[in-house]
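First the structure, in the form of structure tokens, and then the observations on it.
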Amino acid sequence: MESGRRKGLSGVLSSLSLLCVILDLQLDGVLGATHVEIEQHLEMGRKLLAAGQLAEALSHYHSAVEGDSKNYLTYYKRAAVFLAMGKSKSALPDLTRAIQLKPDFLAARLQRGNIFLKQGNTQEAREDFEAVLQQSPDQDEARNQLMRAKELEELQEEAHAAHHRGDYSYTIAVLDRVVELSPWDPESRELRAECYIRLGDPRKAIQDLTPTTRLRNDNRAAFLKLSNLHYDLGEHQESLGHIRECLKLDQDDKECFSRYKQVKKISKQLDSAEEHIQGERYQDAIDKYESVMRTEPNVPYYTNKAMERICFCLVKNKMPAMAIDSCSEAHQRDPRNINILRDRAEAFILNQDYEKAVEDYQEAREFDMENNEIREGLERAQKLLKLSQKRDYYKILGVNRSANKQEIIKAYRKLAQQWHPDNFREESEKKEAEKRFIDIASAKEVLTDPEMRKKFDSGEDPLDPESQQGGGQGGQGWPFHFNPFESGGNYHFKFHH
């Protein structure tokens, strides 16, 4: 029985040995074929890299590495593609692996040292450059880079010391050189951004923080800070974009989600208000902008913007008294805002206060000499002022500039009956009545004719021969072609010229 078992075991072992020999032979054939394929991948990778087709080249180098994980040159070449693609983080593991496989591979050490230096990792950079110089003392690049690494180390310490003592301007000056030496170091950019914020320059802070979102794998803090900076500048759409990027990294991040809700709310209100303005629903826009001020009372931009637009809407709604009050309050908060000055000037025009309209347009023009809208508005206000010193048809009838045709005719009839010359007996009174009656009739003619009224509103008197450049209707100051009293009545009187 025991003898049978031994014979059976011996047979199994013989079969296994034979199987191993067969597998060895097959693997030799496979490995031989794979070596050829690896060379083909490397050659294709080299050609595609030279042609600038980086993604395709990388794909071939991936295949080469998978085919031969012991070839240090394959890792080095793939690292070169990663660097060409701007993916230094991906290149580092390949360079490290190449150095592990061949510790005296100086090119890989030098390249890795350069990456460490650009990342601001001075200790690791120094170790690589020193290792190169130990084996090749005449390596000029390694010596120069080692000096840069030492300089960077000293500058980093100097910058942190200046920041610690609150000297933000000097910190920025030092960090300018730090960033030049280590452009891939997020920490130095974040520190410089903080200094810019302290000095009240959020735009430059944004410029520094934006690349850090790519330099760190999970930089939610930078996305949140960028969102806050854009929000405070009134750039709610940009703010919303950054906070969404934060939530993509972690949808449960409490700070980012809280900020998202606030930005989303204010963004929706602002967009809705502007849609109402586009649709000429000015009261609805006013309501929305009042909601904006309630939603965000602590950020000056949104309060100022809301007040500016409310001022604009009140002018569009032809509510001059309220518009002047609103625009004046907005002007106090933002005195160099030419839109507010323009809108208040228009409110003054509606209120027939042309001198103040001219003053506002002149002030706006001082802030922006190239603005055609302001220039044209000033010219119109000056014409209206000059015209008002002659005849102001709105004042003659005692109506607002926003009065409709029915209100104008009603005012005309009342005044025409009051000042009809036949109502007066004394010669001096009759002369005054005739003059007033002519002005009243002229005002009615101009203000009930859309074209004539448009001319008058633009600062031109359609009944003034001088304004019409020597011609035009009403040269005698009396509109003969209509009956002042449509309902009739025989009125007989003489005009004294």
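A Cβ is built for glycine as well, from the same backbone N, Cα and C atoms used for every other residue.
The compositional bias 'Basic and acidic residues' feature in TrEMBL is assigned to 449-458. Look at TrEMBL and you will find 392-460 tagged as domain 'J'. Per TrEMBL, the feature region 'Disordered' maps to 449-481. Look at TrEMBL and you will find 72-105, 106-139, 338-371 tagged as repeat 'TPR'. Per TrEMBL, the feature signal peptide maps to 1-32.
Taking H, G and I as helix, E and B as strand and the rest as coil, DSSP gives the compositional bias 'Basic and acidic residues' (449-458) the counts 8 helix, 0 strand, 2 coil.
Broken down with DSSP, the repeat 'TPR' (106-139) shows 27 helix, 0 strand, 7 coil. Under DSSP, residues within the repeat 'TPR' (72-105) fall into helix, strand and coil as 27 helix, 0 strand, 7 coil. Residue counts for the domain 'J' (392-460) under DSSP (helix as H, G, I; strand as E, B; rest coil) come to 53 helix, 0 strand, 16 coil.
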